[in-house]
Ligand SMILES: NC(=O)c1ccc[n+]([C@@H]2O[C@H](COP(=O)([O-])OP(=O)(O)OC[C@H]3O[C@@H](n4cnc5c(N)ncnc54)[C@H](O)[C@@H]3O)[C@@H](O)[C@H]2O)c1
């Protein structure tokens, strides 16, 4: 009779092994969590995930008073934990610091900060007004830094460290097409590198800093967006036929941004992300399961960054070849409000998040 002896990796290598019990590492019991931009959308959903995982206190920092107050009522009612709303514009570094100090005073500390507050513009670079450009950078980049600095200081001073998660975007990796959004793209690329920089500086203090880069998510603002463009983002085309890949899916004609848009498939999974589809990654980054993970960016985009922006040369080639591609030109359905040529409306100027 033979005997099988299984030696653990710890025994064979001598390396210390963390205790078992993987699911317990996904808990946030006793942790205080704060979310900027948590009054609605992705931020609110990620906050809910933290609460489901056992957070002991929840704070929302946002400009939207009504949404923020409603959100903390829901959190308190559903999870039975203390929850506070701080009406703060993240551009105001003094107000951000006061809010974070208030959270530490009211809840006894801060263990997790998630920065989700963000805005976007779709304006062409050549005529981008300076104040609009600065606004996007102020909210999306400077606002993230102010919140990280204020929370990071408490995490460092506590000696316990903490986890900071900043919501960047696939737009920090690629240049979205066809909508022009130079300020947004630059702000999100900067958030990714800012977070890596903070991660390196604060690793000795056990403060971890990571980012999540979402693709097209079906949030309130995107729901209102031009249905044709949304369809193009979602479009999934067979790889079997290159003619399909070169299909002309959408024509945009606007005064400021005139293009015939030959769109490759935008999101290989063929849909936009659901509002709660970042929550698993956010929880992972917030909790002990990711203790060795810092300075990392997790792209969650249904693989939309796979193909990036088609090079201009190929656009030109496609432009001249489009009429020869029988299945290329897709007429919008007659019933669609955006179907007539006059109703192929310009991208809305209202902020849209990508
Ligand atoms: N929705 C997408 O497709 C998508 C894709 C990639 C990245 N993102 C990013 O995810 C984050 C959340 O986006 P969302 O889709 O949930 O949008 P959303 O508009 O629903 O949520 C953004 C929140 O930020 C708050 N906010 C905006 N400006 C603020 C300010 N100056 N101070 C404080 N709070 C402010 C808003 O009030 C709102 O509650 C943003 O950073 C966005 O750039 C979104």
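Any Cβ shown, glycine's included, is placed from N, Cα and C.
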| request: State the residue range annotated as region 'Disordered' by TrEMBL; the candidates are 1-20, 21-40. | output: 1-20
| Of the residue ranges 281-317, 318-354, the one that TrEMBL records as region 'Disordered' | 318-354
